[in-house]
Amino acid sequence: MSATVRILGIDPGSRVTGFGIIDVRGRDHFYVASGCIKTPPDAPLADRIAVIVRHIGEVVAVYKPQQAAVEQVFVNVNPASTLMLGQARGAALAALVSHKLPVSEYTALQVKQAVVGKGKAAKEQVQHMVVQMLGLSGTPQADAADGLAVALTHALRNHGLAAKLNPSGMQVKRGRFQ
């Protein structure tokens, strides 16, 4: 019987940070918890960062994940938005590493590819697949579903069949191991 691994997935945002926690046992994935960390929109950036750090710390303390995964920042058309998103992501990373969690990072494209099967999937498709993959009775909020999708991506890439077929962690580029 294989051991259970608990994974925390984070979808960082300066206004709403989504999180999802799953347990992985062999090839099976089990829903544990998910939610959204909402920051006061009128608060100074430093206060919003503090909210993200504090709440992620509370989630880690309550659910005790063994691994974490965070979605990487994409470059937005608006540089100020990209910068704020990067700061929220930095807050999430700081909170996770302060709890000594190993952290992996995935692009939105990698998350959509792993969960939906295509990198250009819509948010609704991600939500639908999260519900299907975890056997949920309802649809989580979009940001929470994204957090769960990040956790599932980490599970599929590091604990699934792909990881067993490629134990050295090599990447495939143009059909060849690199």
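The first residue you see is number 1, and the count goes up from there.
Positions of Cβ are set from backbone N, Cα and C atoms, glycine also.
Taken from Swiss-Prot as is:
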- Asp11: active site (ACT_SITE)
- Glu71: active site (ACT_SITE)
- Asp143: active site (ACT_SITE)
- Asp11, Asp143: Mg(2+) 1 binding site (BINDING)
- Glu71: Mg(2+) 2 binding site (BINDING)
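Rounded to the nearest whole angstrom, the C-alpha distance between Asp11 (active site) and Asp143 (active site) is 7. Rounded to a whole value, the Cα-Cα separation of Asp143 (active site) and Glu71 (active site) is 11 Å. Packing around Glu71 (active site) is summarised by its Cβ count: 25 other Cβ atoms lie within 10 angstroms of its Cβ, all protein chains included. Minimal Cβ crowding within 10 Å, among the active-site residues Asp11, Asp143, is found at Asp143. For the recorded site, Asp11 (active site), the DSSP three-state label reads strand.
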